[in-house]
Amino acid sequence: MEGPEITAAEAVIDNGSFGTRTIRFETGRLAKQAAGSAAVYLDGESFLLSATTAGKSPKDQFDFFPLTVDVEERSYAAGKIPGSFFRREGRPSTEAILTCRLIDRPLRPSFVKGLRNEVQVVVSVMALHPDDAYDVVAINVASLSTQLSGLPFSGPIGGVRIALIDGQWVAFPRYSELERAVFDMVVAGRVVTTADGSQDVAIMMVEAEATEGSWNLIKDQGATAPTEEVVAAGLEAAKPFIAELVRAQAEVAATAAKPTAAFPTFPDYQDDVYQAVFEAASADLTAALQIGGKQDRETRIDEVKEAVKAQLADAFAGREKEVSAAYRSVQKALIRQRVLKDGVRIDGRGLADIRTLSAEVEVLPRVHGSALFERGETQILGVTTLNMLRMEQQLDTLSPVTRKRYMHNYNFPPYSTGETGRVGSPKRREIGHGALAERALVPVLPAREDFPYAIRQVSEALGSNGSTSMGSVCASTLSLLNAGVPLRAAVAGIAMGLISDTVDGETRYAALTDILGAEDAFGDMDFKVAGTKEFVTAIQLDTKLDGIPASVLAGALTQARDARLHILDVMAEAIDAPDEMSPTAPRIITVKVPVDKIGEVIGPKGKMINQIQEDTGADISIEDDGTVFIGAVDGPSAEAARAAVNAIANPTMPEVGERYLGTVVKTTTFGAFVSLMPGKDGLLHISQLRKLSGGKRVDNVEDVVAVGQKVQVEIAEIDPRGKLSLVPVVAEEASAEAAAAEPADA
C-alpha cells in the first residue's frame, strides 16, 4: 500500500554558541480535506498542525473580512490530563488567545482587499517539549497552511522569537535560556522586493517585553539594557531568521500549493462614487476635521456625511454603502495630506505634541490603591488589590509556568466611546490589552521575597480616544505606588503613529506622538512603547505598510522616548514614591521554619494551622521550602500568629523586646552583625552605636565594636522577612531597670 505523498522543507536557525534550531515544515499527510493543511516540527520534539478552510459563498452583507483564527491546546501535547471536572479541554487559555492574536495580526492584512468569504485557520498543538514555546511556531505553520489553500494570500509570513541573552540575539530561545534574557521579542514579516530589485524583510508585527529578571540582570550583573537603539538592532537581527523561515515555506508551497482560486471581491466603492463624494464633501469635511473635541468633531462629520448622501442619493441610487465607504476614504485622505503637507493633525497639534495630561491618586475609598490618569479624552482608572500569595493565579497550561503573582485585567465598557454594547466576559482585545500592560510592568515589580503579596491590577477604560492600553500602564504605575508596592521604577507608555504617502513626487513619512483613535484607524502604523526613564519594558507594533525604513523606526522610538520622559515627570508630580499601605490591605510577614517541622505546624488534618488562624484571625500559607506567609488585617494579629508558629517550629526564635548577650560576628560600613544564638543574627545599625560611644557620632564601626566582642542588645524590630534590628543596652539602662524591679520583687 502506497503512503501519502509528503512535501517537506527545513529551516535551520543558527544561533552560534547557543546551537541550532531546526523547523521542519511538511504537508500531504494530515487533514487532507481542508483547503490547506501543514504540519511543523521544532527540533523533532514539538509538533503543530494547521488547517485553513474557506467558506463556499461570500458574505457580501459584511463590510469586513470574516477571518477567524483558533488555537487548540491539547493537554496530551504535554503529557497531561485536563484538570477540569469533565477532564477535557474547555475554553481557550489566555496563552492560546494571545497566540490567536499573534497569528491574526500579520495574516489579516495579507489577504486581498475586499474578500468576503469566511476563512478559518485552526492551529492544534499536538506535541510540545516542556522547554519550548509554541506561539511563534504557530505563526509559521498558519502562514504555510494558508499559502497552500489557494486563497488570494500574499505570503508566506515568517515569525520568530528572539531574546537578548548574554549580549546576543538568540532565535527560538528555550524557557531555560530566557532566565538569562533581558529582552524578548516576537517579530513577524515577509520577504519583499525593493525598488532596486533586491530583497528585504518587511516587518509587519512586533510584540516585545523586558523579562521578569531583566532588572537584576542589568543592575547587578551588568547586562545590556534594552534601550531604543538596542531594540532597533534587535529588529534588524530578526530579519535573516524570518527570511530563512519564509524560504522553507516557499519551498513547500512551490510544489504543493493549490492554484489561487477566483474568489469574488467586493471593493468598498467604485472610482466614480469616490470622485463625486470628494467633490461634494471635501470643503465641509476639511473644516469639520479641524474641530478639536472628539464628540463635536464626530457629530459634525456625521452631519456632513448625511448631507452628502442626500445630495448624491439620486445619482447613486442603491449604492448608499459605496457612498458611505467613499466618504470614509475621503476623510482618511484629507487627514493624511494635512499631516504630511502642513504638519498639523486632526485636533490642531503638531506631530510630536502630547495632549493635556492629568494624574491623580487615591480616588476611591477603601480600596488598597487607586489612580486616575487622563490624556486628552482618554481616561483610565487603575485599581490595585493586594492579598496573600496563595491567591495568585494557578495556571493549567502547556507552558512550565504554573503560577502568576501579578494579574492585570483590562476592561473596555461600551460607554467609553459613547456607545451601547455587550457587557460581560472579556473579549480577545481586552485580554490582549491587559497582557500588554502586564508585560510593561512585570520588569519593575519587587521580588517575591521582598514583597510577598499577590497583586491584582484592574484598568477601567472610562473614556477612549487613543491608546487606552498605554494609558493603563500609566494609571497602573500610579495605583501600584498608591497601594504601597515598592516598584523599582515608574513606567509610562505612549502610542505612536505613522503616516506615509507620496507628496510632490517623493515619499514622506510623519511619525505622530500620542495618536487619536482616528489617527490609529487612518494611519499606517500603531506603535506602542512603554518603559522607564532608562529602558524599554514593552513594545507592540502593527503596520499596514510593506516595510518601514530603519531610520524612520529609529526616529519614532526616539520620539516615543521623549514623550515617555515627559509623561513620567507629570506622574511624579502626583506620586513619586510608594505610599503607606492602606489600612484595609492585609499585612503579610514571613517566618522560616525547618522543612521537617512543616507537618507539626499544619498538624493532623490541619488541626494546628486552623487553630492558629482561628485564634489570631490571620491567614497562613506554607511553601514547600519552609517559608511561612502570615497575612492579617493588622500588625498585632500577624505577630501573634508568628509567635504561635515559632512556638511550634522555632521554640528558640527571638521576639521583639527580648535581650541577649550577643557576639559581634561581622562589621560593615553600615553597622555590625551580632549573633544571638546559633543560626540567628541581627543588625546593630551604625546609628545605634552612638549609645556605646558616649553619644558621639560614629563614622567607623570598628572604632566602637570589633569582631568577637560581646555586646548586650535588645531586639527592636523583626521585619516582614524575619530579619532582626537590634539596639544596644548600655549599663546605666540595665542597672536602672534592675533597681526599678527590686521593690516589686520585695
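Glycine is no exception: its Cβ is also placed from the backbone N, Cα and C atoms.
Using a 10 Å radius centred on the Cβ of Asp526 (Mg(2+) binding site) and all shown protein chains, the other Cβ atoms total 19. Swiss-Prot lists Asp520, Asp526 with the feature Mg(2+) binding site.
What Swiss-Prot records for 586-648 is domain 'KH'.
Across the residues of the domain 'S1 motif' (657-729), the predicted structure has a mean pLDDT of 86. Per Swiss-Prot, domain 'S1 motif' is recorded for 657-729, and the stated evidence type is sequence analysis.
Cβ neighbour count for Asp520 (Mg(2+) binding site) (all protein chains, 10 Å cutoff from its Cβ): 17. Secondary structure of the domain 'S1 motif' (657-729), assigned with DSSP and counted as helix (H, G, I), strand (E, B) and coil, comes to 11 helix, 37 strand, 25 coil. In this structure, Asp526 (Mg(2+) binding site) is part of a beta strand by DSSP.
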